[in-house]
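S.K.: The feature domain 'Laminin G' is assigned by TrEMBL to 1-129, 210-398. Residues or ranges marked as disulfide bond in TrEMBL: Cys102-Cys129, Cys156-Cys165, Cys176-Cys193, Cys195-Cys204. Look at TrEMBL and you will find 130-166, 167-205 tagged as domain 'EGF-like'.
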Amino acid sequence: DFLCISLVNGFTQLRYNLGDRTVILQTLQKVHTNGNTWHLLNAGRVGNEGYLDLDGVNVTQEASPGMNALDIHSDFFVGGVSSLYLVNPMATENEPTGFTGCIREIVINNRELNLTVTDPKGGANIGDCDGTDCGYTVCKNNGICQIENSGFSCSCPREWTGTMCEQSIHCSQNMCGSHALCIPQPSSFSYTCACALGWTGRYCDNKIKFYIAKFVGNSYIKYTDPFYGKRDLQYSRLSLNFTTNHTEGLIVWMGKSEEEDNDFLAVGLANGTLKVVINLGERISVPLMHNKYFTCSDGRWHFITVVQNQTCIKVYLDEELILFEDIDPQRKYTALNYGGICYFGGFEIGREVNLVTTGLFQKEFIGKIKDVVLFQDSKKIQLMKAEGYNIHDGNSGN
């Protein structure tokens, strides 16, 4: 499988193959090669239906029967490749050659790539295209870059300050400690401190230990499974205890949650009801709802276990089997390729739950979680040793 965008005789071309045939789309107009005209290109596919849009002129390829998932596990290359032997012979019309020109503002599945020296995994023979110290978006938050003899300066909107308009004025005099992030609160002309895992207090200067994680909203834990490479991903298992008084919230999300194609297993609450969603591939999310009881938001501890045996899903609540379903009798995808990442309570600060989960869950979890076990491991995972913010000690009062 591949997806490739290239220039062919002055035209822009999109080629992709999902496993059965190569689809070719070409723009109706040529690009300007005078070196000073920027073009806006949108290209991609929905299933096996492709689209290619150059400066607002659209070309589409209607969907047809056949494969509709792009199964690739390679690096993503821009402007060239580390070795021309990596390029599928069908991906370009002529012999593949590297791109000469300028590229900026690349957005893949709604995520912008940072075209900097440090962010990409690798690269070679790349220079600054702007030719000035201003470059592209060097001033953050709509700041205006101005060339000066000593380099550049940023003229910032009134809400922002710093050499590159990177800091909110509400955080310019903040007292958050080294284990905290300053979160501006423009409505009150103030700020709050988001404490890193293991720290608490107004300014995050009090060290804590916990075995029960208390989530207060805008909280999350990101756990990286050290045994992921040895797991049999066709037979996954997750169990934990939780308690909450809230009717909405994402309890756990097993998956990288970086792109729409990422596999995941998610557990949360919707209208006070337990909701389990699983995606083993092809963007088909299968929500499983438990409607028998509305007891999950009652402030009591509940024990949940989710077992995935290929495409068969079993869900136990308080040791009672409440859901048993085969989500795909055809067995097309049978492994939960979750990337070794587990989120608890929500996602990184600034990433809204309803957006990341595309509406499957509405809010961050507010409540407590304990006794998390992955697969058939003999030990509970140590949430204290993960990454996270705004997690409190939930041991008190239990």
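Cβ from N, Cα, C; glycine included.
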S.K.: Sequence gap of 6 or more, Cβ distance under 8 Å: name the residues on the same chain that satisfy this around Cys193 (disulfide bond), in order along the sequence.
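M.R.: Sequence-distant Cβ neighbours: Asn174, Met175, Cys176, Gly177, Ala180, Leu181, Cys182, Ile183, Arg202, Tyr203, Cys204.
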S.K.: Would you mind reading off the Cα separation of Cys195 (disulfide bond) from Cys165 (disulfide bond), to the nearest angstrom?
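M.R.: Cα to Cα, Cys195 (disulfide bond) and Cys165 (disulfide bond) are separated by 23 Å.
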S.K.: Counting Cβ atoms within 10 Å of each candidate's own Cβ, which of the disulfide-bonded residues Cys129, Cys176 comes out highest?
M.R.: Cys176
S.K.: Taking only the Cα atoms, work out how far Cys129 (disulfide bond) lies from Cys156 (disulfide bond), in Å, as a whole number.
M.R.: 24
S.K.: For the domain 'EGF-like' (130-166), could you work out the same-chain residues 6 or more beyond its ends whose Cβ comes under 8 Å from its Cβ atoms?
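M.R.: Beyond its ends, the domain 'EGF-like' (130-166) has Cβ neighbours at 104-105, 115, 172, 186.
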S.K.: Would you count the other CB atoms within 10 A of the CB of Cys195 (disulfide bond), including those on all shown protein chains?
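M.R.: 26, counting other Cβ atoms within 10 Å of Cys195 (disulfide bond).
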S.K.: Using a 10 Å cut-off on CB atoms, tell me which of the disulfide-bonded residues Cys102, Cys156, Cys204 is the least crowded.
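M.R.: Cys102, out of the disulfide-bonded residues Cys102, Cys156, Cys204, has the fewest neighbouring Cβ atoms within 10 Å.
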S.K.: What does the structure give for the C-alpha distance between Cys165 (disulfide bond) and Cys102 (disulfide bond)? Integer Å is fine.
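M.R.: Here the two Cα atoms lie 25 Å apart.
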S.K.: For the domain 'EGF-like' (130-166), provide the mean pLDDT of the predicted model.
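M.R.: Mean pLDDT for the domain 'EGF-like' (130-166): 83.
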S.K.: Any idea what the Cα distance is from Cys156 (disulfide bond) over to Cys102 (disulfide bond), rounded to a whole Å?
M.R.: 27
